[in-house]
Every structure is written in structure tokens, then in C-alpha cells.
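What Swiss-Prot lists as topological domain 'Mitochondrial intermembrane' is 1-14, 88-227, and the listing cites similarity to another entry. Here Swiss-Prot flags 15-45, 60-87 as transmembrane segment. Here Swiss-Prot flags 46-59 as topological domain 'Mitochondrial matrix', drawing on similarity to another entry. The Cu cation A1 binding site annotation in Swiss-Prot covers 161, 196, 200, 207, and the record cites similarity to another entry as its basis. Sequence annotations record features per position, and here Swiss-Prot assigns Mg(2+) binding site to 198 based on similarity to another entry. Annotation source Swiss-Prot lists phosphotyrosine at 218.
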């Protein structure tokens, strides 16, 4: 999870997040190279009073500065499209979880099981136990199995929300009247925190998300206790 004075991403806990981190580094490298080239040209222009008359109307230069940006955009677009398709495509999910945003809490429904649904509210500060995280703990955590493909169906009952778990690379808008889909899969057991990432009213900051990813055996035991 995030910690104080953190300027980078959280550690990736899902394949999608790993791909997003690689894409971030790839894009940042291109931006750094372009910035270095621009600064170099500016420094040359400021340090010399000579005018290169041969390049003021050169067909070769115009060709280069037309083709080169197109190539750079392609180098950015191709991996981006690949990740978009990876995030959207899901075949035969092992589990489907429906998430509904409300002002100002989340409700969850395990669509593969009858009557397995609950609301998830932020735990008030006076009710926190030692070691709990302020503004991030909830009364009902979402328990999911690891190493399984999970389909998330996300919508809203009132206004726009956004269901976001940074470590898993998920940020999907919850829109009233629309059912959006996201893919969740991780091989790392742990507790992952997120929050609503769309300003949705006075208590927007009090809509935490807590996922508890456990091995399949413990998930089945949790189901037996809950159902």
C-alpha cells in the first residue's frame, strides 16, 4: 500500500499493474529523450548568433520532423493499445463480483452465490482497533481468491463514482444506468486498499475499498461461514 512521502507507484500486485508500470517507464523514457533534444537545441540557439540559412527552407528537415513524431506516437500507441485490450478482455471468469457505488459507501454482490451481498462502510475513527488505518478501514471487507480470473461489474445508484485499487491496476468509473467491466487477478495474498476516485459529494473522501485476497481454500471456508 502507499506510505508517507511516496512519489511513485505502489508495488504491483497484479499482471495488469506490472504492464502499466512497464508502459509508464517506456513512455517516460521517450519523454526524457524528447526533452533532452529540445533543451539541447534551445541551448545551441541561445549560445550562437549564426543563422543556418540552409535549413530555413529545407525539404529534408521538414520530412524528418514530420516522420519522426509519427514514429514516436506509434511507439507509444502500440503498447498502450495492447494493455487496453488486456484490461478489457476476459474469458470464462471464475467469479463475478458486482459493485454498486452509493453516497457514500459501496455495496457488493457475489453473483455466483445466492444471497451473498453486503454493504461496506468506512469504519469511524472511534471504532478503530490498534493497527487499523484511519479513513481506510471498512466494516465489511471484500474477500476474493487469488490466482483466479475475477470479473468486476461496476455501476452506481446515484452519482458518478470510481472504484479504484492502485496496487491491482484497477480504476473503473461507476456510472448510473451503465454497467462497466474490469478484470481482477493476482497471485499475491494480502490486503489491498483503494478509494473512490471521482468527486461524488461531501463525503467523497470517506468511501474506502478494502480487498482481502486469500488462497482458494480459505475463500471456500469464508463462503461456508458467510452463506
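Cβ coordinates come from backbone N, Cα and C, glycine included.
Comparing the residue listed as 'phosphotyrosine' with residue 207 (Cu cation A1 binding site), their Cα atoms are 27 Å apart once rounded. Compute the center of the Cβ atoms of 161, 196, 200, 207, which mark the site for Cu cation A1; besides them, the chain residues with Cβ within 8 Å of that center are 101, 103, 104, 106, 162, 174, 195, 197, 198, 201, 204.
Residue 207 (Cu cation A1 binding site) sits 10 Å from the residue listed as 'Mg(2+) binding site', taking the Cα positions as reference. Residues 20-21, 24, 166-170, 184-186, 188, 190, 192-193, 213 of the same chain lie 6 or more positions beyond the ends of the topological domain 'Mitochondrial intermembrane' (1-14) yet place their CB under 8 Å from a CB of it. Annotation for the binding-site residues 196, 200, 207: lowest Cβ count within 10 Å of the residue's own Cβ, 200. Just so you know, the Cβ of residue 198 (Mg(2+) binding site) picks up 18 other Cβ atoms within 10 Å once every protein chain is counted. If you count neighbouring Cβ atoms within 10 Å for each of the recorded positions 161, 218, the highest count belongs to 161. Under DSSP, residue 161 (Cu cation A1 binding site) is assigned to a strand (E or B) in the three-state scheme. When the Cα atoms are compared, the residue listed as 'Mg(2+) binding site' and residue 161 (Cu cation A1 binding site) turn out to be 5 Å apart.
In the predicted structure, the topological domain 'Mitochondrial matrix' (46-59) carries a mean pLDDT of 69.
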